[in-house]
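The structure appears below as structure tokens.
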Amino acid sequence: MTNPKSGVAESAGLACSRAAAGENRMKDSENKGASSPDMEPSYGGGLFDMVKGGAGRLFSNLKDNLKDTLKDTSSRVIQSVSSYTKGDLDFTYVTSRIIVMSFPVDSVDIGFRNQVDDIRSFLDSRHLDHYTVYNLSPKSYRTAKFHSRVSECSWPIRQAPSLHNLFAVCRNMYNWLLQNPKNVCVVHCLDGRAASSILVGAMFIFCNLYSTPGPAVRLLYAKRPGIGLSPSHRRYLGYMCDLLADKPYRPHFKPLTIKAITVSPVPFFNKQRNGCRPYCDVLIGETKIYSTCTDFERMKEYRVQDGKIFIPLNITVQGDVIVSMYHLRSTIGSRLQAKVTNTQIFQLQFHSGFIPLDTTVLKFTKPELDACDVPEKYPQLFQVTLDIEVQPQDKVIDLTPPWEHYCTKDVNPSILFSSQQEHQDTLALGGQAPADLPPDHPRNLGQGGFFASLCWQDQKSEKSRCEEDHAALVNQESEQSDDELLTLSSPHGNAEGDKPHGAKKPGKKQQEPAAPPPPEEVDLLGLEGSDVSTNFSSLAAPPSNSELLSDLFGGVGATGPAQAGQAGVEDVFHPSGPVSAQSTPRRTATSASASPTLRVGEGATFDPFGAPAKPPGQDLLGSFLNTSSASSDPFLQPTRSPSPTVHASSTPAVNIQPDIAGGWDWHTKPGGFGMGSKSAATSPTGSSHGTPTHQSKPQTLDPFADLGTLGSSSFASKPTTPTGLGGGFPPLSSPQKASPQPMGGGWQQPAGYNWQQTQSKPQSSMPHSSPQNRPNYNVSFSAMPAGQSERGKGSTNLEGKQKAADFEDLLSSQGFNAHKDKKGPRTIAEMRKEEMAKEMDPEKLKILEWIEGKERNIRALLSTMHTVLWAGETKWKPVGMADLVTPEQVKKVYRRAVLVVHPDKATGQPYEQYAKMIFMELNDAWSEFENQGQKPLY
């Protein structure tokens, strides 16, 4: 159907109208733009008559219509791009005057979120004529987009910037902020992560906001999570702290000779995962000055049996030194590519001016090395050693360092903020540990967990960041962390002024961390007794059985009444006794005036093993010989004289040892392996729930009379005694299921409930309530009859839970978990993944998850490759296993995959390293596929 608006159709219509209706009708048709659907051959000559006067109009209409179409299409594209980026800018205010963002691009690029026009509009709307941009990436753009206020720094990728450049940029930023209180600095690199973060962190140190790298890094993690600072970045932040200290340290200019490099043990980078073929590159800044890479066949391949890698270097360096080691492998077996490729094993970077003059060895452990992102390829105790020698003569330098003759005493940190309140909030935020940082102490003390509180090894206090200013190059006596960067074999003390990161320099306020103060004695239960200074180290042997029983029933031994009134007698169930690795003096009550409503922790309401307060002359077994009442039985009045021992988790600021019997959190679980419940300690054969707290206890002269009826029929007709408030030890019998049975006029509750009965008559039917009953000490703790154990299946099945909860807290601090239904890692592999996720880049972790179980399986990798491609990749279409049956199909799909992920096509892109890793895994799998003869799937 002809479009009446088309220029060609309009001209044809004009010719037909002129031939049919004459000159006047032709003019009317021309003005109206009408067209006739009928064209007869006899009137064809009219077309040629029209050309003379209508040719100009023909091309004019074509031009106008084309212009309108292009304008409409362009406006639609611009609107779609604006809607895509609007409100989705990668833009972070670290402070009100320091801004971090990702790279702004001129055109539409899927890999970048920020468009130059959007960023410029945003900055002009808020900081017009008061902002300058610092481009840290080697990639550039038109500076006119930001009014020509762009500083091109061109920092290298995947390494720390030179110390000279880092200091100079910080000084430039400070001068810009000093010119006008409204000025702001906008910092960006390719992704707005590592390079931008080290500059902002160095700026915090430059402005004297922080004197150590730790708070600066924590603030960056809080403001912009996932910054991904490498050990070299942290090392250079430490250098900045030394340069800007109260008594600044000035790096020397003496050359450094690297004699050799030793790596031990041998990492696993070859296809067999039993060695590597290494070579080493040495760079000064971005310039490579030495490499040991030669012909592939002439290079030595080290195996695990060799124990270490030794490569002589004998190269002299000065300034920012980078040492990188690579594994060389050949892809000659591949038909697609016949060339040699490399994989980085590690990289380290340091400044030679911070090496002490008498240093001969530099040692780097795995946490102090860059690019160690695949833990499976590095054996345990992996370390790198550099044999070095510092030359005695200074080397003449061309450029004067920017820190020479620069005084930072007048620098005010308030220049980074717009208000005093913002300054205080930022300082508080820098003192908090970020959520995504790995904890310094991964061992988590469970609530009331006894074994979790034991000192299995010496715990050393975490070194402050101030003491870490030069710790990068000396051996430290403390535990290693991510911020301790280098260790040396040189002695700690040196009389000369040249010191490394962490070394002790003259005039530097630095000293060894003092011993932690003794834990504050806090009277959590309001006992306010007299202080006791018992020498816990004098306990030479564990107490005997008689001493255990004496302490169990409230006594302190048989040595005399003088010890009975002493509050600091060692309780064998307390960690300060012989079984504890820590000794903490305790306060014990001298009166029964504790608050009856005080609850410290969840399980501290009742401690059956705590010694009750009593006069010095009181009989040890007086609570069992006199007439029982609710006011005299410590087992029936848990709040009358509470135990001074509470859970360690009740308050984190006080070091209080947990109770070994009541602190295992067994008071909330059935089948606890203990003796702390009311039922087990006082009346195991009473009511099905134990003795009510308001009922008087029958008088007896035998404290063990309650144990005499353990084998009676009444005991055999009910399930295991439920655990009481203290987390008790039920009678030793097979695990039974709770079943409702009428016993003593009450209804039995399932075992393990936190219970307190209010009934007043359940003890009238107890068979042992009569004093004439003789205790039976020959009781047999036999299992419940089979028929009895099957009764409770209809109500509550607790057998499985009972077994699972018995030893739940024994190994909780080591990452083991007894409950399968709880969240968290249940296998070693999951725990390893959880640790890897804390330190590893998410993209590289995604690669590991992709190849897990599919190593060198070309079909499995190709069929799942769509799950690991970077965002925005649309060329690759997912394939199924049905498309990879024959070798020809595999070859075709593999070639198509290589065209998508080849590293040469990703040069300069942020996903270049990511594409390289995918390509190498596919290449390994293809080589394995060829070596196996390219067999079909079936």
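Glycine residues also receive a Cβ, built from the backbone N, Cα and C atoms like all the rest.
Annotated features in Swiss-Prot:
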- CYS189: active site, phosphocysteine intermediate (ACT_SITE)
- 80-247: domain 'Phosphatase tensin-type' (DOMAIN)
- 874-938: domain 'J' (DOMAIN)
- 19-41: region 'Disordered' (REGION)
- 61-72: region '3 X 4 AA approximate tandem repeats' (REGION)
- 467-801: region 'Disordered' (REGION)
- 61-64: repeat '1' (REPEAT)
- 65-68: repeat '2' (REPEAT)
- 69-72: repeat '3' (REPEAT)
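When averaged over the repeat '1' (61-64), pLDDT in the model lands at 66. For the residue listed as 'active site, phosphocysteine intermediate', the same-chain residues that are 6 or more apart in sequence and have a Cβ closer than 8 Å to its Cβ are SER102, PHE103, ASN135, LEU136, SER137, TRP155, ALA195, SER196. DSSP labels the residues of the domain 'J' (874-938) in these numbers: 42 helix, 0 strand, 23 coil.
Reduced to three states, the DSSP call for CYS189 (active site, phosphocysteine intermediate) is coil.
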